Amino acid sequence: MVESKFTIGDRTFTSRLIMGTGGAANLAILEEALIASGTELTTVAIRRVDTDGGSGLLKLLSRLDIMPLPNTAGCRSAAEAVLTAQLAREALNTNWIKLEVIADERTLLPDGLELVRAAEQLVDAGFVVLPYTNDDPALAHRLEGTGCAAVMPLGSPIGTGLGINNPHNIEIIVAQARVPVVLDAGIGTTSDAALAMELGCDAVLLASAVTRAVDPPTMAAAMASAVTAGYLARRAGRIPKRFWAQASSPELMRTGEELGN
C-alpha cells in the first residue's frame, strides 16, 4: 500500500480528510460522523464556541484525540481576523489557525486583499496559517509567499455542494505550490472529494457534505474512502485520454483476425 501520510507545518497526519463541524444536528451525530471519517484534524469556529471550559465540542474533540483547528469564520477584515486568531491562541493554546476573511455574507467568498494582509500579520506573529482562498492561482501563490503553511482553495462557495467548478485552476495551484494544497468548500458528494485528490490536492476539508447529509456517519465513511481512492488513483497514474478506441488486448485481436482468415 502506498504511504498516505502528509505534513502541514510541524504536524504529520495519516488521514487526508479534514472535517468541519458546522451544520451538525447534535453532538451525538457529530461524534459518530467524526469517528467514521477517521479525521485527525477538525475545524472549530472560535467565535461560535464557548472556550471557557464549557464547550461540548471541544471536550468531544479532546476525547476523540482529534486536533482542533480554530478558524476565523465570519470575519470581514484583516484586523478582525487577526484579533480572533489571537483569542484562539490564548483560549486553545495553539498557534494553528484556519484563516477566513469573507467579502460578503451572501457568497461567503474570500476577500483576497484582506486575506493577504491578515496572513502577513499572523505569520509574523508566529502562527501556522492555513488560508481559505479563492480558486485563483495568483492569490494562492501570493499567500504561499507570505509564509502560509498550506493553501486552501475553494471548489465552489461554502455550503453549495456544487463540487469543483474550476478544476483547471486547482491543477495550476497544485502545480505551482510548494506547500500542501487542501481543497476547501463546495464538496457535495464522494465524486467531488475523489476528484480533488485526483487533481493533486494533498487533502480535502469538508463539513456540510457530511453534517447535512441524510445519514452523516455513513457519508463520513464514504468521504474517507473517496479521499483515499482519489489519492491512490493520482499516485497510480490514470491512462491518457484518447479520441479513438484502443483494444486492451491487441495481440489477442490480431490472433483472432488471423484465425478468421
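Each residue's number is its place along the chain shown, starting with 1.
Backbone N, Cα and C define each Cβ position, glycine as well.
In Swiss-Prot this protein carries:
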ACT_SITE  K98  active site, schiff-base intermediate with DXP
BINDING   G159, A185, G186, A207, S208  1-deoxy-D-xylulose 5-phosphate binding site
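Apart from G159, A185, G186, A207, S208, the 1-deoxy-D-xylulose 5-phosphate site neighbourhood in this chain, defined by C-beta within 8 angstroms of the site C-beta centre, holds G20, P157, I158, T160, G161, I187, L206, A209. Distance between Cα atoms for A207 (1-deoxy-D-xylulose 5-phosphate binding site) and K98 (active site, schiff-base intermediate with DXP): 14 Å, as a whole number. Proximity of G186 (1-deoxy-D-xylulose 5-phosphate binding site) to non-local residues of its own chain (separation of 6 or more, Cβ distance below 8 Å) is seen for L154, G155, S156, P157, I158, T160, G161, L162, G163, I164, N165, D192, given in sequence order.
The separation of the residue listed as 'active site, schiff-base intermediate with DXP' from G159 (1-deoxy-D-xylulose 5-phosphate binding site), Cα to Cα, is 17 Å. Between the candidate binding-site residues, A185, A207, the densest Cβ environment within 10 Å is the one around A185. S208 (1-deoxy-D-xylulose 5-phosphate binding site) and the residue listed as 'active site, schiff-base intermediate with DXP' have their C-alpha atoms 17 Å apart, to the nearest angstrom.
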